[in-house]
Each structure stands twice: as C-alpha cells, then as structure tokens.
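Annotated in TrEMBL:
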TRANSMEM  6-26  transmembrane segment
TRANSMEM  38-57  transmembrane segment
TRANSMEM  72-93  transmembrane segment
TRANSMEM  114-135  transmembrane segment
TRANSMEM  155-181  transmembrane segment
TRANSMEM  210-229  transmembrane segment
TRANSMEM  261-281  transmembrane segment
Amino acid sequence: VNYQALLIVLSSVALICLIMPVCVHIKNPDGIPYLSLFLWLTLLNIETLVNAIIWGGENFRSVWDGKVWCDFYAYINDASTTGICCAITGIAFHMYCILSTNRFLQFKRWKKNLIFLTICWAQPILIISLSYIVYTMRFAIFKFNGCIAAHSATWPTIVIIIMWPLIWSIIGIILSSLTLFRYFKNRKDAKDIFHCTKSGLTVAKFIRSILFCFLTLFILTPILVIYFIENFNIYDSYDWDKVHDKLMWSLSFYRSIDQPIYDRYVLSVLCYLAFIIFGLGKETHSKYKALLKWIGLSFLV
C-alpha cells in the first residue's frame with residue numbers, strides 16, 4: 001500500500017467535505033461549537049496532507065527539519081482531541097438548553113457566545129499553555145505522520161494532556177444522552193419548542209446534530225479509553241531538569257514506521273461523517289445550485 005498517496009487523498013477529500021458543513025453553520029448565531037469542531041478538523045487534515053507530502057517518502061529524514069511548522073503543530077496536536085470533544089459537548093449543551101427552555105436562552109448574544117467559547121476553547125488553550133512542562137524535546141518526526149509531540153513518561157503528562165479528552169468525551173456522552181432523553185420526553189412539543197425559541201432548529205436538524213454527537217463520541221471514546229489505560233501505568237515521577245535536558249532539545253529525532261498512526265484515518269472519517277450529516281440536508285440544496293451556476297454548470301440544476 002502506498003500510504004503516502006493514501007493519506008494525501010484521504011485528507012484532501014476530507015478538507016473538501018468540510019466546505020459545505022462550514023457554509024451551513026457560518027451564519028448560525030449559535031454556531032460557535034460547530035465552527036470550533038470544523039476548525040480543529042481543518043487544521044488537523046491540513047497537517048495530515050502537508051506532512052504526508054513532505055515526510056511520506058523514504059527520504060523523510062533529509063527532506064526538512066520541520067522547525068516552526070512542527071513547533072506549532074506539536075501544541076495543536078496536544079489539544080486537538082480535547083478540542084474536538086469540547087466542541088461536541090458544546091453542541092450537545094446548546095440542544096439541551098433549547099429543549100429545556102432554560103434561562104440560557106434568555107441571555108444576550110455576547111453572553112451565549114462567551115459560554116460557548118469557554119466550553120469549546122478554555123481547556124484546549126490551557127493544555128497548549130502547559131504542554132511545554134512535559135516536552136522532552138521540541139518535537140519528533142515520524143514517517144507518514146510527520147510532526148509528533150515528544151512527552152515525558154511522567155505523571156504531569158496524564159494531568160495536563162492525556163486525561164482530558166476522555167473526561168470531555170464522557171461529559172459529551174452524558175449531555176447528549178440527557179438531550180436525547182429530553183427530546184423523547186417532550187417530543188410532541190419539540191417542533192413548537194424549536195420554533196418558539198427561534199433556535200433555527202427543526203426536528204430533522206436536531207436529529208442530525210444529536211446523531212453526529214453520538215456517532216463521533218462512540219468513535220472516539222473507546223480509542224481514548226484504550227489510550228488512557230495503555231499509558232496510565234508507565235508514568236513515573238517528574239524532574240524538570242531531567243525532562244528539559246538541553247542536549248535533547250538540540251537534537252532532531254526521526255522514526256521510520258511501517259504505516260501511519262491510526263488517528264490520521266479517524267480524522268478523515270469524522271470529516272466524511274460531518275459531510276454526510278450536515279452537508280446533505282435540505283438547507284444545502286440552494287448552496288449546491290449556486291455553486292453549480294458559479295462554475296458554469298447551471299444546466300445541471
């Protein structure tokens with residue numbers, strides 16, 4: 001299998017698949033959780049595409065040292081899975097508030113957006129801010145995957161990075177379940193609730209959104225549980241000077257692997273899922289028609 005070509009194709013198609021979901025939610029007044037999710041997926045698939053092009057060949061050790069690019073993406077990768085889970089939690093929180101018709105709906109727009117931003121970005125920003133504490137070197141470069149953060153096998157790595165994706169995925173599952181329970185409890189009035197709250201939701205949009213939350217979390221959570229268990233028992237005490245050895249920070253570490261790490265495939269699957277659920281609804285028909293006219297294929301409309 002030509003894994004370099006496979007990653008390039010998968011990530012390129014994934015980026016294209018995100019265009020319509022972004023267009024659907026870009027004007028959504030409560031779209032911060034959706035757009036936050038799509039931003040993470042966009043950043044990560046751009047990384048997959050670029051890294052596969054640069055470091056996917058046999059000469060990956062001599063192509064480029066990755067400085068600046070990998071410095072940036074080492075931190076992004078540390079926070080990305082948590083960011084995705086936080087965004088899913090934000091989507092579920094929004095729908096739960098609508099079905100509960102609670103006080104949140106009466107908040108001014110800036111206050112709602114502040115709450116959404118806090119849910120979606122507070123934890124990822126905190127992780128990015130603290131990740132340096134557990135870095136043993138600037139980054140490592142793996143064949144196919146490219147930039148990899150180099151963490152110390154110490155307990156702060158669990159506290160700062162590893163445990164948070166699992167925690168937020170569990171919170172997301174709980175909120176999604178409560179939202180679904182609330183929907184079935186008020187299903188006779190759901191249509192009126194969506195209309196009266198001026199949420200822009202319909203029953204069909206709600207079902208697609210909650211389905212996306214569950215499917216995404218059901219894909220990620222088992223992986224996160226396994227990852228947490230595998231890494232939990234190998235961690236040791238922390239020593240700043242030992243972790244931040246100046247010699248290690250001056251070295252470039254390359255590793256050849258037989259195939260890409262599985263997370264690259266998971267990211268592509270999430271993009272395809274976003275397109276199927278958010279990119280094929282009735283509200284997208286007019287956008288597809290406008291796109292066909294724009295590229296000179298109006299005769300297909």
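Quick reminder: no glycine exception, Cβ is built from N, Cα and C everywhere.
Below 8 angstroms of C-beta separation, residues 32-34, 36-37, 40-41, 43-44, 47, 116, 119-125, 127-128, 131, 135, 138-139, 146-150, 161, 164-165, 168-169, 171-172, 175-176, 179, 209-210, 212-213, 216-217, 220, 224, 270 of the same chain, each at least six residues beyond the ends of the transmembrane segment (72-93), sit close to that stretch.
Stretch with the most C-beta contacts under 8 angstroms to the transmembrane segment (6-26), considering only 38-57, 114-135, 155-181, 261-281: 261-281.
Sequence-distant neighbours of the transmembrane segment (38-57) (same chain, 6+ residues past either end, Cβ-Cβ under 8 Å): 3-4, 7-8, 10-12, 14-15, 18, 21-22, 25, 63-64, 66, 69, 73, 76-77, 80, 83-84, 87, 141-147, 260, 264, 267-268, 270-271, 274. With a threshold of 8 Å between CB atoms, the same-chain residues lying at least 6 positions outside the transmembrane segment (261-281) that come near it are 7, 10-11, 13-15, 17-18, 20-21, 24-25, 34, 37-38, 41, 44-45, 48, 84, 142, 144-145, 204-205, 208-209, 211-212, 215-216, 219-220, 223.
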